[in-house]
Amino acid sequence: MDGEGGPSGLAKSAAVKLSEMGERTKQLGTAMKDPHQQRRIILVIVCVALLLDNMLYMVIVPIIPDYLADLESEQSEHVHVVMHPNSSANSTSQDKSNKDNLDVQIGVLFASKAILQLLVNPLSGTFIDRVGYDIPLLIGLTVMFVSTCIFAFGENYATLFMARSLQGLGSAFADTSGLAMIADKYTEEAERSRALGIALAFISFGSLVAPPFGGVLYEFAGKRVPFIVLACICLADGFLLLTVIKPFSNRTRENMPVGTPIYRLMIDPYIAVVAGALTVCNIPLAFLEPTIANWMETTMHSSQWEMGLTWLPAFFPHVLGVYITVKLAAQHPNLQWFYGAVGMVIIGASSCTVPACKTFGQLIAPLCGICFGIALVDTALLPTLAFLVDVRHVSVYGSVYAIADISYSVAYAMGPIVAGQIVHNLGFVQLNLGMGLVNVLYAPALLLLRNVCQMRPSYSERDNLLEEAPQGLYDTIKMEERRGKKKGYSSAGNCLSVDENGFDPFKAQRSLSEESSGPEYT
């Protein structure tokens, strides 16, 4: 007889493990059939993608300037030794010239991601509207994985520039499709605000934690390790997307409604006001990130660890701002514009007080105020974009969140290039006063949104085509889903879905569909 450690015992143990794995697979499959569980898993996938994108955006802040400076000094020393082996003249002026050139290179490298993202977003938004949200998200994660690997192993400026630009390409697909997927899955206004608030918390966490994360690993493990860690997380998220959502087996995108073209969304006055607010509120953060370290070193004589941890305390008020806005939006959804306006006033006041700070402890307060205000604006206005599309256009969200991504990209494309020039020509104080004034002056523009919840839902092209009767089970199911979405927005946002004559188009359409579809669909 075989003992417990014999062949038969091993076979029984393997059979038990296989049975447990099969049971877990069944549980996962059952969970994915439940719409609520599926939405949660999708939210996790999107949040991890947004976390990765923002960590990769900010992780290079403590790494690349130092790495490029070492690279530049090695090259200049080699050139100087070859051309002037016995001369040390003009070394000071040459060092100054090299530093100025390095600052320009770093600014262009930092801005290249946002610039390419800005250029690609109009195309990615239209692409997402055509093919759905899952495949563009997979494309974005794949490109981000490739760019992260290039960052890890790149050893010259041209390679790093290509990696940074590739990240912008990946972000144009991943960020836009991720936010659009959340808006599509969470159709009720309060749930949508909560889900987008969680996504914003992950964005904030990635942006504020990445610099110390990258700096510590770069100091003790070298340049490659932070990027390899991020690449592994990106790979795991992409694998989860393939396993759970199965983008290539999802055929519902073939009959998706035709989305409103992005150029028509851009000229919508309500969407334009929201997009402008997203750009203006992010300008202080985008302009201070590349300039505040030098100002702290000059005025406060701050240490390296203080400059590295400048933005970390601001994570907590950002999350607090998201939480407060979500709670308020659930109770008073018709005041989203007011929460955004209050956030812009807070950003403006905080920005104006930054130059008055004399110590690191004093500086933390206005920076926390800026991030708290940004949380109010983003959490209030990102769901408003989806709501505007629902009530004024077709409920397809790729293009409208491409516009939101363009708004962010405008601020972060200008920041590394324009902010340094403003500080050099006008001064750090004037920069902050100008940013604060712009935010305060823009806040009243959000008054235009105060009557948004009195708008009536519009008919999509798909609804008009199916007005007589749905053809087949698929069309019936999709029509019921579309009606459910519109009902959810009607109840959550207190919007009018019945016209002035008391005619309910959705009720009439439903009764017409039931009469023509027969018992097969009941």
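Each residue, glycine too, has its Cβ placed from N, Cα and C.
Per TrEMBL, transmembrane segment is recorded for 41-64, 135-154, 195-213, 225-245, 265-288, 308-326, 338-357, 363-388, 400-423, 429-449. For 42-522, the entry in TrEMBL reads domain 'Major facilitator superfamily (MFS) profile'.
Panel annotation: around the transmembrane segment (338-357), residues 277, 280-281, 284, 288, 292, 321, 325, 328-329, 363, 365-370, 372-377, 379-381, 384, 428-429, 432-433, 435-440, 442-444, 446-447, 449-450 of the same chain, lying at least six beyond its termini, place a Cβ under 8 Å from a Cβ of the stretch.
Sequence-distant residue pairs (6 or more apart) of the transmembrane segment (135-154) and the transmembrane segment (363-388) include fewer than 3 whose Cβ atoms are under 8 Å, leaving the two stretches without contact. The average pLDDT the prediction assigns to the domain 'Major facilitator superfamily (MFS) profile' (42-522) is 79. When the stretches 41-64, 265-288, 308-326, 400-423 are ranked by Cβ pairs under 8 Å to the transmembrane segment (225-245), first place goes to 41-64.
Against the transmembrane segment (400-423), stretch 363-388 shows more Cβ pairs under 8 Å than any other of 41-64, 195-213, 363-388, 429-449.
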